[in-house]
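Database features, via TrEMBL:
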- 26-47: transmembrane segment (TRANSMEM)
- 53-72: transmembrane segment (TRANSMEM)
- 93-117: transmembrane segment (TRANSMEM)
- 129-146: transmembrane segment (TRANSMEM)
- 158-176: transmembrane segment (TRANSMEM)
- 229-250: transmembrane segment (TRANSMEM)
- 271-295: transmembrane segment (TRANSMEM)
- 311-333: transmembrane segment (TRANSMEM)
- 354-374: transmembrane segment (TRANSMEM)
- 386-405: transmembrane segment (TRANSMEM)
- 506-528: transmembrane segment (TRANSMEM)
- 540-561: transmembrane segment (TRANSMEM)
Amino acid sequence: MEQAAGCPAVGGSYPQKNAEILSSQYGINLFLAGLLLTFAWAVHAVGISKSHLLSYLITLMLIQLLWMLWYLCRSCTQRRLIRDKDTHAGARWLKCGITLFAVITLILDSFKIGYYIDFSNCLSPTEGIFPVTHAVHTILQVYFLWCHAKDIIQSFKTLERFGVIHSVFTNLLLWTNGVLTESKHQLNEHKERLITLGFGNITIVLDDHAPQCNCTTTTLCSIFSQGIYYLYPFNIEYHILASTMLYVLWKNIGRKVEHHQPNKTPFKFHGITVGMIFGLIVLTSTIAIVVVYLIQIGGSKIKSELALTMFYLHAIFVLALMCTAGIVALLIYRLEDRNLDNSKNPARKLDAELLVGTAAGSWLLSWGSILAIICAQGHPKYTWYNLPYSVLVIIEKYIQNLFIIESIHREQEKVNDDIKTLRIVTISRGSTLSLTPLYKEIYNGRDAPDRGDIPCLFKGSIYGRENDGAGVAKDETSQDSSLVMHSASDFSFSSRNSVTNNKRRILKNIAAFLFLCNLSLWIPPAFGCRPEYDNGLEEIVFGFEPWIIVVNLAMPFSIFYRMHSAASLFEVNCKT
């Protein structure tokens, strides 16, 4: 019967595998079409306007809205059915993070609506429809992810594969659109900064997509236009987080899971005071550096050079601390003997791949800076600080990736059953429980309420020895030796437990410190503090346009790496 039943299952896996391949190809083609349309608009291709791009994005969002509504309605009618859940996917802290970014994205959409109203005379209607559609899309998508990010879909699997992958690539295209718009704004400020640094021989035509009409209310227009670009980093993070959560949902379709719930590991501030204090110092100083940098850069040549020097020195110090912390954590892991969890886990696999893949963006920029310093004929003084900075960026990400990937793959620490039964085994050999508490009571931090209680399993053997008149002296000797055994074993366990707790405390502090450091290093590039643009040396060596293309391609991955690392380190802190 098992073989007969197994044959259809094997044959039935082929349609599902084909559905996975077909849906992935559909998503890739959807993304490539949108990417080409975005590129055509960016380079002012003939016959392609912003309204064409926005119309394409609006259509994709409306299709996703229809699919999510259908899924929610179907789930509501089947709410009494017991469904499989992936307990590793859609962690609560991840949902809270995406909700925060979504709220700021809604503020961004409201600014865009206000901007459209002020320039409605010369803007396409799609520029007013897009933020409204995007706001509705954001609200429903966050609700969908809160309720169904853990689902393992077992019905309508082919249809659901296409719906989920459509949602994944829709969010990736919205992310691409946000990155491009934000990059254009950065480029329009970039040339002015280079001129103040003395690189006047670099020429480029500014890319201006400003409306060709006057604003109805000048003050509000200024607030909306400036505020939009400060909110874009949060919108960018929102869409990339949404796409990763939806991708895990897509990978889980039709998956067979073991029916057991892992131990929940809530975040606790206890025991991480040192890491939090040092991390908050780094965070505070980074914010101060960014504020000063943005004020000083472009003001004059001296102010710009001082701003760049200040940024490099601060970053070198922070990266050196992060490297040291990561090495200490890896050394602690080498001293421990714990197995790795190699079970199938799409969320964990995606985390590891994203860490290495997005780190390549920073590595590309760092190697470009190193080659520019080596090959350049002239070197302003501040550019020499870029060399140790670039080297440390490469090393720090290498070490941090090792630490995070090993941490998320390590098995949860379990109490050894042999140690648990140590006291009971020695009791059966003739000890008295009144001398030392059971291991379980030591582990829970309390003594037994009645030290005279003896497990019924061993009462007969102990009482038999006590009633044996000829063996009284022998029993007393056995009890004395057992007391020594208990004291030694309890002391040995207490020592091992103390060492383990100290290691765990150090690891938790390191994870907390690195978490805040990654948040700190996310802030500068996300809010316009980008020495890769302002340094000027790379543009001289590689050429202005080639280097700007490299920076625009690599920078979004570098920014996402820091936020994703922070999220992963938060999970490491909870598990440690």
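Just so it is clear, glycine is given a Cβ too, placed from its N, Cα and C backbone atoms.
TrEMBL entries are annotated by machine, without manual review.
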For the transmembrane segment (53-72): best-contacting stretch of 129-146, 229-250, 311-333, 354-374, by Cβ pairs under 8 Å: 129-146
Within-chain partners of the transmembrane segment (271-295) [C-beta distance under 8 Å, separation at least 6 from its ends]: 307, 310-311, 314, 318, 321, 505, 508-517, 519-521, 523-524, 527-529, 573
Intrachain neighbours beyond the transmembrane segment (26-47), with Cβ under 8 angstroms and 6 or more residues off its ends: 53, 56-57, 60, 162, 165-166, 168-170, 172-173, 176-177, 180, 184, 207
Dominant neighbour of the transmembrane segment (129-146) in 93-117, 158-176, 311-333, 354-374, by Cβ pairs under 8 Å: 93-117
Feature contact check the transmembrane segment (311-333) with the transmembrane segment (540-561), CB under 8 Å, 3 or more pairs: no
Distant-in-sequence neighbours of the transmembrane segment (311-333), which means Cβ under 8 A and at least six residues beyond its ends: 278, 282, 285-286, 289, 293, 382, 385-386, 388-389, 392-393, 395-396, 399-400, 402-403, 406, 410, 503, 506-507, 510-511, 513-514, 517, 520-521, 524, 529, 531
